[in-house]
Amino acid sequence: MPRLPLLLLLLPSLARGLGLRDAGRRHPECSPCQQDRCPAPSPCPAPWISARDECGCCARCLGAEGASCGGPVGSRCGPGLVCASRASGTAPEGTGLCVCAQRGAVCGSDGRSYSSICALRLRARHAPRAHHGHLHKARDGPCEFAPVVLMPPRDIHNVTGTQVFLSCEVKAVPTPVITWKKVKHSPEGTEGLEELPGDHVNIAVQVRGGPSDHETTSWILINPLRKEDEGVYHCHAANAIGEAQSHGTVTVLDLNRYKSLYSSVPGDLL
């Protein structure tokens, strides 16, 4: 048999095997597209990532990061996002939240930190004219910045023999080094800074991360409080980008003097 007729005979079976016969057909449940019968589109939180439904006919919103997804009526997630199941809650079974496929914070070319590359892309699409040039990822991880004192040490008034502490809360990237120093006055009248705790057996310094991301909190504990502990205490934070400092004052009243002052007050005034 000539080759050409044989090839023509084999084409129908090849088409069935490769699924070419169904190519171009719509989903079995889809009717001919009539866009005038499409439901009124609801306002999309991110209209630039809208798409068509499964039948390729009616406009449909794609979920932005954090939007509900999945289930019979849930939206599809936008590009770069995946639908992750919820850990718990009252949400319908089979639904989830749109999360970025690439996890981790990033630093944008605008100097701002974004929770994910998807959040950065959303910002770039939302306000393209607000930035000189195209907003893009500058580096993985949050943007670096100099320390900022969020909660400075407060002034303290107390009597000798008690326990007191000063705290200092700082935010910075990378993590700063926090030190405590006390203003010292020499007999000649000059001022200097003494790094603590030094040789003081009644002073301890502690540092821990938190309470939030990129924050560090440090305490200086004085126990027992002595009259010579009175003065100004500086909280100093520094990293590779810069430094910041704040201070608090400790005022100490001698306990014996306090008792004598208290006992000298007439009874009718107490």
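Backbone N, Cα and C atoms are what each Cβ position is placed from, and that goes for glycine too.
Features as listed in Swiss-Prot:
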SIGNAL    1-17  signal peptide
DOMAIN    26-101  domain 'IGFBP N-terminal'
DISULFID  Cys30-Cys55  disulfide bond
DISULFID  Cys33-Cys57  disulfide bond
DISULFID  Cys38-Cys58  disulfide bond
DISULFID  Cys44-Cys61  disulfide bond
DISULFID  Cys69-Cys83  disulfide bond
DISULFID  Cys77-Cys98  disulfide bond
DOMAIN    87-145  domain 'Kazal-like'
DISULFID  Cys107-Cys143  disulfide bond
DOMAIN    147-251  domain 'Ig-like C2-type'
CARBOHYD  Asn158  N-linked glycosylation site
DISULFID  Cys168-Cys235  disulfide bond
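The closest partner of Cys83 (disulfide bond) among the disulfide-bonded residues, by CA position, is Cys44; the full candidate set was Cys38, Cys44, Cys55, Cys57. Counting neighbouring Cβ atoms within 10 Å of each of the disulfide-bonded residues (Cys58, Cys77, Cys235), the lowest count belongs to Cys58. Cys55 (disulfide bond) sits 14 Å from Cys61 (disulfide bond), taking the C-alpha atoms as the reference points. Cβ neighbour count for Cys69 (disulfide bond) (all protein chains, 10 Å cutoff from its Cβ): 21. Here the disulfide-bonded residues are Cys30, Cys57, and the one ringed by the most other CB atoms within 10 angstroms is Cys57.
Comparing the disulfide-bonded residues Cys38, Cys55, Cys98 by how many other C-beta atoms lie within 10 angstroms of each C-beta, the top residue is Cys98. Between the CA atoms of Cys235 (disulfide bond) and the residue listed as 'N-linked glycosylation site' there is a gap of 20 Å, rounded to the nearest whole number. A count of other CB atoms within 10 A of each Cβ picks out Cys168 as the most crowded of the disulfide-bonded residues Cys33, Cys44, Cys61, Cys143, Cys168.
Reduced to three states, the DSSP call for Cys58 (disulfide bond) is coil. Rounded to a whole number, the distance between the Cα atoms of Cys77 (disulfide bond) and Cys57 (disulfide bond) is 18 Å.
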